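Following: one structure in structure tokens, then a few remarks.
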Amino acid sequence: MARIAYLGPEGTFTQAALLEIAAAGLVPGHDDGGAQPLPVESTPAALDAVRTGAAEFACVPIENSIDGSLAPTLDSLAIGSPLQVFAETTLDVAFSIVVRPGVGAADVRTLAAFPVAAAQVRQWLTAHLPSVELHPAYSNADAARQVAEGQVDAAVTSPLAAAHWALQSLADGVVDESNARTRFLLIGVPGPPPPRTGTDRTSVVLRIANVPGALLDALTEFGMRGIDLTRIESRPTRTGLGTYMFFVDCVGHIADDAVAEALKALHRRCADVRYLGSWPTGQTYAGQPPPADEAAIWLQQLREGKPEASPGPPL
């Protein structure tokens, strides 16, 4: 079974995502659904476990529909030895407010919450526990552990963690936005990407010269080839004030001619291109990359020594 590091302890949404990815047979070399979860204390620690060989893969959150992308994940992917994305899954996220058995809402003075979770239930807490004192937790499951061990009165946590620690629920299905979702990635050391499925995503990190028009020129490599971008985001390079790297996700696979040509052009144009992978999403996008054009087919036939196979465009 594949050792997969994740933000622990047992009972986090990340563990649920890990189990879903494994059950779907999306772990390279382990399509039997088997996985050995390896809980760690943070998302960067999960990725470092892959880099050091302590785990074969890591399952980490990358973005949620409430607060957007998660900076610790982005930074850990861009800095350090290269890693690659092999699969993803998206979970509907709703929280439970839990206490020890016999504790009522009127008894709650302190509440533990993972900061990402606290941001997604802020309105509920204001309405139902306006005077509660918030205590930080390093994960949703850690918040539940703090309640079970008597460190706080209540926690914002996952149903999985609540069941694991045998806690009592004050409220279930708590979330300020009813369509809250979080996307998770399966990440390993670089290797051959999963085969093209037609519903794929490709991601890169671009470092470009700090000159006028440089970003526009880089993005034009996608636009001129009809490639749809699904995300573009900047993060500091940490090498100097005002210097940034750019995370770009696009529809398509490195096996698509248009995507491959864009990546080659970016490699020539940018100071650095870090390829984060091409992987199946299971989602159909309207802007699929265009198929190989007639000129590309003609060139491939020349390489194969078959110039007569293509009649060329009509005169």
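Including glycine, each Cβ sits where the backbone N, Cα and C put it.
Now, the feature entries from Swiss-Prot:
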DOMAIN    3-189  domain 'Prephenate dehydratase'
DOMAIN    203-280  domain 'ACT'
SITE      Thr182  site 'Essential for activity'
Other C-beta atoms that fall within 10 angstroms of the C-beta of Thr182 (site 'Essential for activity'): 22
Number of helical, extended and coil residues in the domain 'ACT' (203-280), per DSSP: 23 helix, 30 strand, 25 coil
PLDDT averaged over every residue in the domain 'Prephenate dehydratase' (3-189): 94
Reduced DSSP assignment, Thr182 (site 'Essential for activity'): strand
